[in-house]
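Q: Before we start, here is the structure in question, set down as structure tokens.
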Amino acid sequence: MPLAQLVNLWPEVAVVHEDPENGHGSPEEGGRHTSKDEVVVKEFPITHHVKEGSEKADQSDFVLLKVLGQGSFGKVFLVRKITPPDANQLYAMKVLKKATLKVRDRVRTKMERDILADVHHPFVVRLHYAFQTEGKLYLILDFLRGGDLFTRLSKEVMFTEEDVKFYLAELALGLDHLHSLGIIYRDLKPENILLDEEGHIKLTDFGLSKEAIDHEKKAYSFCGTVEYMAPEVVNRQGHSHSADWWSYGVLMFEMLTGSLPFQGKDRKETMTLILKAKLGMPQFLSNEAQSLLRALFKRNPTNRLGSAMEGAEEIKRQPFFSTIDWNKLFRREMSPPFKPAVTQADDTYYFDTEFTSRTPKDSPGIPPSAGAHQLFRGFSFVAPALVEEDAKKTSSPPVLSVPKTHSKNILFMDVYTVRETIGVGSYSVCKRCVHKGTNMEYAVKVIDKTKRDPSEEIEILRRYGQHPNIIALKDVYKEGNSIYVVTELMRGGELLDRILRQKFFSEREASSVLFTVCKTVENLHSQGVVHRDLKPSNILYVDESGDPESIRICDFGFAKQLRADNGLLMTPCYTANFVAPEVLKRQGYDEGCDIWSLGILLYTMLAGYTPFANGLGDTPEEILARIGSGKFTLRGGNWNTVSAAAKDLVSRMLHVDPHKRLTAKQVLQHEWITKRDALPQSQLNRQDVHLVKGAMAATYSALNSSKPTPLLQPIKSSILAQRRVKKLPSTTL
């Protein structure tokens, strides 16, 4: 569900109701809940209805897959639509029980439905359907798999002002669109900003939003989360759209510093700080960031940035946003700093397992009073795009080829049948398996977690497995000391196997293969990920077509993501600006190792044999000596007809100094890649496939058997130095 507050989806908000004309009520009174008898509610007029003739949806059009969250008023489910025009599409279904909603909450729910029906923006969650039964209300919304942006980043990623700028810019566009429709958001806080699978933001949860407010009018409700409230909301002087820009400043401050600008020991003190305290501006922030924050934290709302008729245009012109291309941002053409670790369409990795492990069940609702049903007249809704699709009788998309969802109580063997062994490694065994429900074939890697922790491998596959040339992760089961990692099945076999057995293979085809593999590696390197085991046996074909686009990079068991000392991931911007040179040097070494492995592959594709292993009689010491010398032949055999550009590229990818090798990006820019249509198409000769594969295996076996280089550390970290420190006499008098 695109609501991040999954433990308590609809929390009680301290609300003091007063006469809007005089705005009675003090900040101190805002710290308590009014009693049931004191509640005074105005019902808003219902102005939105579904056009007559539009086809409505009901709960029978959806299959429940998982519970995403649960609160006192209802549940949030992951659902799949089973009827056209959008059959098989996944949604989040928010189900509210009418009988448990107070009149005030019923009004807010209807208001949320009305607002969502009106809003169509790339950075605001979309309402697709709304309908009701006698006892319940249903909102069918975008299913956002990336989770809550701010708490997720605070737990996983180190980010910079440049990264914060991206999210704030998307948020500014979303808020500006709401304001242009006369909507005050009024509940801007970290939990209500979620990520989609690409890493773009979506504003969600409009239960406290106020509709139909123009710049001449004000709202007077005391609502929202107190730490993010603007002063005029706290003191009930009446508020307009400018209150959202104060909250926007609070979010900006929190993202840049990790703390809130105004936070007391309780609600009363927090409100007093908001009204009176001087802002302590951290001096490590850039001048541009400080300037924007000061312009947003104006206690007089008429002086606040964004309060004028221009709205967000004032904010967009700020020097802090000078590097943002607003048109590209709106079109989602700018790359987010962080991509969530999600795999298939129904992945709930970022949702609380307390809920996702439950069996999804929509219990019958108790019928409410007759007046409650009257309040929700006109609640039903079908998104216009869906009505148009249905009118055109658009054919249903193919059924998603993903396994059925499973709870933590279901075992791997309950879902899959295991077949023959595909491969055996030091810490794992790989087998073919068949999904019992769909009869589809997959591969399962069974890992002994007492020998190796596979969490990094699994996270990398979750985050990057949707790349077309990286093996796709389907499922993960954790049972005792065994972890079952289910992936797509590589039916086409190993890359080198196929090339060496191919009747005809040319230099031009070799360039196409390297381009596909290298663009995938470049994508990983740009995100701070190194594979570190790119031997040819880990590059396979997903099918028998032999098409370079069917190539998959597999086995990320030795892969690493660049992390800070505290274990958090680092965005590319953070890496470039704040990472120590020795860390970058190590990262460059690992990237160089990946390029060296691709150089070995390229040499073998062109020559028909490996560069450093000559035969079965070679010892590991001999192979390592040749590798260490950096010498290999580019004469004789196929090399007499291979292009000069190919020889140049091989030499630069196999340079003995890893820091002098080409980067993946530079390989992609080399003329042998960019001008491959001009390369020779004559057949390349090769040795017997078994001899070549044996030599390749011997090369990597020799590398793995070599002793690692000693890691130098400061003298003070040695055991001897530590022992000496303990023996030093005390000088304390």
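Residue positions begin at 1 at the first shown residue.
Placement of Cβ uses the backbone N, Cα and C atoms for every residue, glycine included.
Straight from Swiss-Prot, here's the annotation block:
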REGION    18-38  region 'Disordered'
DOMAIN    62-321  domain 'Protein kinase 1'
BINDING   68-76, Lys94, 422-430, Lys445  ATP binding site
ACT_SITE  Asp187  active site, proton acceptor
MOD_RES   Ser221  phosphoserine
DOMAIN    322-391  domain 'AGC-kinase C-terminal'
MOD_RES   Thr359  phosphothreonine
MOD_RES   Ser363  phosphoserine
MOD_RES   Ser380  phosphoserine
DOMAIN    416-673  domain 'Protein kinase 2'
ACT_SITE  Asp533  active site, proton acceptor
MOD_RES   Thr571  phosphothreonine
MOD_RES   Ser730  phosphoserine
Q: For the binding-site residues Leu68, Val424, Cys430, which Cβ has the most other Cβ atoms within 10 Å, all shown protein chains included?
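A: Of the binding-site residues Leu68, Val424, Cys430, the most buried by Cβ count within 10 Å is Leu68.
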Q: Distance check, please: Cα of Lys94 (ATP binding site) against Cα of Asp187 (active site, proton acceptor), rounded to an integer number of angstrom.
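A: Pair distance, Cα basis, whole Å: 18 Å.
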Q: With H, G and I counted as helix, E and B as strand and the rest as coil, say where DSSP puts Asp533 (active site, proton acceptor).
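A: DSSP call for Asp533 (active site, proton acceptor): coil, neither helix nor strand.
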Q: Grab the pLDDT values for the domain 'Protein kinase 1' (62-321) and give me their mean, rounded.
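A: Taking every residue of the domain 'Protein kinase 1' (62-321) together, the mean pLDDT is 80.
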Q: Do you know which of the active-site residues Asp187, Asp533 has the most other C-beta atoms within 10 angstroms of its C-beta?
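A: Ranked by Cβ atoms within 10 Å, first place goes to Asp187.
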Q: Name the residue among the binding-site residues Lys94, Tyr427 whose Cβ has the smallest number of other Cβ atoms within 10 Å.
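A: Comparing Cβ neighbour counts within 10 Å for the binding-site residues Lys94, Tyr427 gives Tyr427.
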Q: Specify the nearest of the recorded positions Leu68, Val424, Tyr427, Cys430, Asp533 to Asp187 (active site, proton acceptor), where nearness means the distance between Cα atoms.
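A: Ranked by Cα distance from Asp187 (active site, proton acceptor), first place goes to Leu68.
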